[in-house]
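So the structure is just underneath, and the comments pick up after that.
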Amino acid sequence: MDLKFKVHFALVLLFLAHFGESQTGVFDITKYGANSNADISEALLNAFKEACQSTSPSTIVIPKGTFTMNQVKLEGPCKSPLELQIQATLKAPSDPSQLKVGEWLTVNKLDQFTMSGGGILDGQAAAAWECKQSKKCNKLPNNLSFNSLTNSTIKDITTLDSKSFHVNVNQCKNLTFIRFNVSAPANSPNTDGIHVSRSSSVNITDSNFSTGDDCISVGDETEQLYITRVTCGPGHGISVGSLGGNPDEKPVVGVFVRNCTFTNTDNGVRIKTWPASHPGVVNDVHFEDIIVQNVSNPVVIDQVYCPFNKCNKDLPSQVKISKVSFQNIKGTSRTQDAVSLLRSKGVPCEGIEVGDIDITYSGKEGPAKSSCENIKPSLKGKQNPPVCTASAASSS
């Protein structure tokens, strides 16, 4: 092998090595100037800009450590699948005045996006919650916002102490959350775990929620939402709604909550609509194989939802609820009201089914009871307490 050929061969190997390295598509933000003593926002944006242009799958790595990060928006479309691997603890500015109205970390318009890594997004919200309680601050940012994602996965991520919602999901399709964790104190205001709206085929599975508001809340135009093997508590339970508060809300169709456990929550499984509401539709909603442990209001349909008592309760909700089932719900209630089904006088409920309910209450007031208004569900199996019958302890 002559010298010229050896040199040529060596150059080819160097090219292939460089090409192979680029094809692995790993973009470590520390290579873009990120360090633990400064805001990593610019480094993350620069890494994303390059990764987004890659024609082969790429991974942005935020390595282990603790970093500060201001508001960041990662916006596609990108040329190939992209993974954001958060191994670190990311801390938001604690002073709410340092943040503009919007979200802390936003991911928009991506296909085949993955967020992973076992990291923590810490909203550092104590000062913001105090500000919110005093009503002296602007709208506070959510920790995470996912908009117009398709065929994407969020896994092994924790969101901690968000200033508002932990996660907002909007206009997404085929999005999965797995081993996703939400953590905030029970008294943290408006800290819904995941809020889903205008999205279809969203899966939330094997995940844990401890927060100050709904663990999972469902907004309008949600279709085919699957919630499986989720733990909730503290928090306000899993809620479809509140609905009917805005004009032109689209139907909620296909919500399936299965094999979930609620512990020390203010509610269990719930559908809630405003009185004097705009028209709306809730259809094909099923709560099955649910365990409640010391839960206030374990089973609820509330069409007179008015948390701040600033509603016209004389006018009925115009949200039509149909094809809803509560099946195999067992455990203990913190209040005597184990089952509460309050239907609107304005539009009839249809196809409401209650089966195999066994919820006990051990307070001095007496055993658990149900309350029913303007509703006559189909009953299957056993119900303890009796539901919507003459033998119910409280029924109207």
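Just so it is clear, glycine is given a Cβ too, placed from its N, Cα and C backbone atoms.
Looking at 199-231, 364-396, the range annotated in Swiss-Prot as region 'Disordered' turns out to be 364-396.
A C-beta separation below 8 Å, combined with a sequence spacing of at least six in one chain, links N151 (N-linked glycosylation site) to D111, Q112, K173, N174. Most other Cβ atoms within 10 A: among the glycosylation sites N143, N174, N181, N259, N294, that distinction falls to N143. For the recorded positions N203, D213, H236, the ranking by surrounding Cβ atoms (within 10 Å, all protein chains) places H236 first.
Sequence-distant contacts (6 or more apart, same chain, Cβ under 8 Å) of N208 (N-linked glycosylation site) comprise F180, N181, V182, V230, T231.
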